[in-house]
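Inspection log for the structure reproduced underneath, given as structure tokens.
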Amino acid sequence: MTRREAAATLHRSLSRFVAHDEAERTLFVVASKARQHGALGSADLAGALRGCRGRGDRWPCVLEIHAASVMRGLGGDRLIGNLLIDLYAKNGLLRWARRVFEDLSARDHVSWVAMLSGYAQNGLGIEAVGLFRQMHRSAVVPTPYVLSSVLSACTKGQLFAQGRLVHAQVYKQGFCSETFVGNALIALYLRYGSFKLADRVFSDMPFCDRVTFNTLISGHAQCEHGERALEIFDEMQLSGLRPDCVTVASLLAACANVGDLQKGKQLHAYLLKAGMSLDYITEGSLLDLYVKCGDIETAHEIFNSGDRTNVVLWNLMLVAYGQISDLAKSFEIFCQMQAAGIRPNQFTYPCILRTCTCSGHIELGEQIHSLSIKTGFESDMYVSGVLIDMYSKYGWLDKARRVLEMLGKKDVVSWTSMIAGYVQHDLCEEALATFKEMQDCGIWPDNIGLASAASACAGIKAMRQGLQIHARVYVSGYSADVSIWNTLVNLYARCGRSEEAFSLFRAIEHKDEITWNGLISGFGQSGLYEEALKVFKQMGQTGARYNVFTFVSSISASANMADIKQGKQLHCRAIKTGHTSETEVSNALISLYGKCGSIEDAKMEFSEMSERNEVSWNTIITSCSQHGRGLEALDLFGQMKKEGLKPNDVTFIGVLAACSHVGLVEEGLSHFKSMSNEYGVTPIPDHYACVVDILGRAGQLDRARKFVEEMPIATDAMVWRTLLSACKVHKNIEIGELAAKHLLELEPHDSASYVLLSNAYAVTGKWSNRDHVRKLMRDRGVKKEPGRSWIEVKSAVHAFFAGDRLHPLADQIYRFLADLNDRIAKIGYKQDNYHLFHEKEQERRDPTSFVHSEKLAVAFGLMSLPPCMPLRVIKNLRVCNDCHNWMKFTSDVTGREIVLRDVYRFHHFTNGSCSCGDFW
């Protein structure tokens, strides 16, 4: 191939990298102009190349000169080659720069620096390090410029290990005193996050220039080390160097990060006094300072006087009004921006979308989403991440998922937003499936993704997957991340692994409120209520500050233990710390008093609330319903609607239960129909069970059976159990057998189903059928749960079984009980336990075996507690007719209030009557 042919071939190859019209024009003129260049030497061609630097419109000339140099046999000329390497590298044509580099007949330090700088500028750190190694093997001694270029490449490519090796070369070659090498090292370590090493390099430098200080200040400011950035600025001033616009912009960012508005204003004044021209970076930094420090008025003044064509300033104003949740003003700015013809960028839409999210205007967010599609930003990962977050937070998970699926290239933020959305709405299995899908796509989870996945494991108590995520935390290098440790502590606590939870908890050096709350709530959610309250006590002893979540978790633990004494202590502590004004704490207190049988305290707490939400109303409605105050519950439901609050599925469970407990059949059915017709609430199995209970308690069993048969959803065990229980009360064995058949198919190992059917046969005198059910239980290995009751006396909880004689005071209790039975018999009490046993069984059984556990608990309470205190008894089963009757007579004879909490509801016995009105 002739030189002319080689030049033409080279030209055709290079033309692919420039605009088509330029390439076409160049190919037409190269042949004619090559002859004119024939008499030119390397110096002339090099001079022509220097004239092309920084001129994008001179690309045809560069190609002509390159072609001419090949035609003249100067393809390996070092002078021309170095310039071509520099030009090609700076314009991203690294392959052609490397080809020129390889074709050089001899390379000097300029050649190596030009090629290394090209790699560094284009972020090709691995290639730069490889070339540096080639240089080292070629026995070329690196210059400070070479080392500086390699360090810059390592910084941009995040090759920190290789950067440390290059640092060793700097020491070996004795270039530590070179300022620009030191600057490159500082940039490397700041990017790596090793601020100590960066500061050490800085302190060892004999001379620092403005770049040194600007690099340090900018690095610390970007990592929100605002105070350190300001300290370095003070050192800069002491060194006699005057700050430039870059310095001031970085310092303004530092002031914004630490909220130092006063220092920021001083810098603003310095800018004006020094007469520095405000470029778009400085304007943006000033605006960012006033926005982050909450001075929106000054921010708006700067915006109005600034460059209104700068999209960054518009974005900052959107952030400003979003920060104070002023959606109207934020949207106004957005509309002005469009009217001014400013094209939004990938940061504009997230600014306005976040404001829509914070203010709850999801519909407007949808419109912004549509606009982002029209302007081509829907596929942008940053915009999509914010859209996924917005839809997820408001439960629009299908839309969030569609946004994720539409993304061609998904990043870790997009995946993590989706996972967090699932976790937020308790869709933990979907969250873990998405987490696995992310990993299958080769995306390595970040700290937020790992924390969300650990939360999902905690939500469904998936300990095995949780252990895997715990291992991944260590592998990923997040073992020092407190947020992940907090989540792991909660995971182990919720899974009942108290030792591991405490071990992780103790290993956290700097514990915050989230750490303590994670342990307390975790133990509470796993049923380890005493452990939760012990942690609360330890938290107070260490001086850690309680917050809303601390009290909510601790009060809930007391409520689940029905420990009213501990609950009242927590209530007092909440009053002292001023947390009773928080709606969530008041809601927890209402639940506490409701679950502990003190409905009056619950109502008082509700009445004293300054703000109430749906949870407040649901809790008090449910509490009144459980305490037999159905009419009060329905009245509260009416008040809730008047205040404009929309009832949800939880509300209707309380309302339907209230109708059931007071026998309001038609009203209950009316409320059930209104759920979907008026409020758009789709009934769940719990609601259907409530309706069956309403009809069953009222004795309308045929109607209840028809309702069950016409249910549009699959009938679950709870519905059949409710129907069977009603059949036992009303002695309807035909429907009872039907309900039992379905119930035993669904739950063949649940003892309650067998007991209900056995008792139904017993009350109707079908003893052989009863015996058959009991034999079936024995054959299937099903054991009946024994009746058990608890009462607290002098801070100790005492438990009793039916016919129990294990208590230390058993003899005294039975003597007291016998005397009490004599007293109530005189006013009309007759024992009614024998209906479950035929006559021969009654003769064979020990009479004390008929003494149910709640009677023993009440007798012990009457013996031990002062007359002014009500007796609070908890039973694990439904109270029977006889015990219910016995309690009424006992309250009348003794003049004491007895509060019995069975598995279904509360019974308040006073003066011979019960709050349920004998309808339970």
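The backbone N, Cα and C atoms fix where each Cβ goes, and this holds for glycine too.
Automatic prediction, not curation, is the source of TrEMBL annotations.
Here is what TrEMBL says about this protein:
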- 828-920: domain 'DYW' (DOMAIN)
- 108-142: repeat 'PPR' (REPEAT)
- 209-243: repeat 'PPR' (REPEAT)
- 310-344: repeat 'PPR' (REPEAT)
- 411-445: repeat 'PPR' (REPEAT)
- 481-511: repeat 'PPR' (REPEAT)
- 512-546: repeat 'PPR' (REPEAT)
- 613-647: repeat 'PPR' (REPEAT)
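Among residues of the same chain six or more beyond the repeat 'PPR' (613-647), those with a C-beta under 8 A of the stretch's C-beta atoms are 583-584, 586-587, 590-591, 593-595, 597, 599, 602-603, 606, 653-655, 657-662, 664, 667, 679, 681, 905-908, 914-917, 920. Mean model confidence for the repeat 'PPR' (108-142) is a pLDDT of 75. Residue counts for the repeat 'PPR' (411-445) under DSSP, split into helix (H, G, I), strand (E, B) and coil, are 26 helix, 0 strand, 9 coil. The DSSP breakdown of the repeat 'PPR' (481-511) into helical (H, G, I), extended (E, B) and coil residues amounts to 23 helix, 0 strand, 8 coil.
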